[in-house]
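Undergrad: Pulled these from TrEMBL:
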- SER50, ALA128, VAL155, TYR173: molybdate binding site (BINDING)
Amino acid sequence: MLFILSTSPLNAGEVRISAGAGMKDALTDIARNYHASHQNTTITPNYGPSGALAGQILNGAPADIFISANTTWMEFLIEKKLLDPASRKPFARNAIVFTGTTPIQVTSMEDLAKLQRIAIGSPKSVPAGDYAMQAITNAGMKKKLQGKMILARDVRECLMYAELGEVDGGFVYRTDAILAKQATIRFKVPQNLHTPITFPMALTLKGALNPEARDFLNYLESPAAHKVLNAYGFVTKEAGD
């Protein structure tokens, strides 16, 4: 699936982006705006858990820009010498919330003990799940929630479970939770329970040789791009970061 199909296929440039699933809506709008003044550039997205995307790049999958939902996978690819470290920049920041449709009152980490089924992204490959597991552990809730956690393959699947009522609720990014139609945010996970949620971006070694990729990476830092990110709930320097 393409963000934008170039109207001029001859001599057109292409930028392949691998980004966390939770960035899809914002990046789609950003790419559409970028295309208005760069009609010969095609933006090709690839979404999924950051760990899975890093694995794809490690195995040779084509990508010009990698936007990770945590710093771990960014540093992993830099160590593997697959990214241009000089191009690494902050994309945005986020927060983890607990959202659901359960009639049970849930306003804190401690209240999760009242629930039976809780969706969480697989911590080994889904950064949102890793942040949530950090919070569960640091809040002293890991044993109490043992056997109650339903693993999701990415943050959007986690939100879907919460939306459909297949679980009492789930841990997702605030930016995903505000898109929900049925599930409502019950509480924001205290930031002192997990590492800072920073989304970094960088060019791959192939992307560093692609002028269009460099230009789009710079555009992602522009006030126009940040305005879109802020509208979707991300925090950027334009929003007081």
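Keep in mind that glycine also has a Cβ here, set from the backbone N, Cα and C atoms.
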Undergrad: For the recorded molybdate site, whose residues are SER50, ALA128, VAL155, TYR173, find every other residue on that chain with a C-beta no more than 8 angstroms from the centre of their C-beta atoms, and list them by sequence position.
TA: GLY20, ALA21, GLY22, PRO49, ALA69, ASN94, GLY121, VAL126, PRO127, GLY129, TYR131, ASP154, VAL172, ASP176
Undergrad: Using all protein chains in view, find how many other C-beta atoms are within 10 Å of the C-beta of SER50 (molybdate binding site).
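TA: Other Cβ atoms within 10 Å of SER50 (molybdate binding site): 29.
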Undergrad: List, in sequence order, the same-chain residues at least six positions removed whose CB sits under 8 Å from that of TYR173 (molybdate binding site)?
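TA: In sequence order, the residues whose Cβ lies under 8 Å from that of TYR173 (molybdate binding site) (at least 6 apart) are GLY22, ALA69, ASN94, ALA95, ILE96, VAL97, ALA128, VAL155, ILE197.
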Undergrad: Max Cα-Cα distance in Å among SER50, ALA128, VAL155, TYR173, the residues listed as binding molybdate?
TA: 14
Undergrad: What is the number of other Cβ atoms found within 10 Å of the Cβ of VAL155 (molybdate binding site)?
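TA: Taking all protein chains shown, VAL155 (molybdate binding site) has 30 Cβ neighbours within 10 Å.
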Undergrad: Measure from the Cβ of ALA128 (molybdate binding site) and count the other Cβ atoms within 10 Å, all protein chains considered.
TA: 32
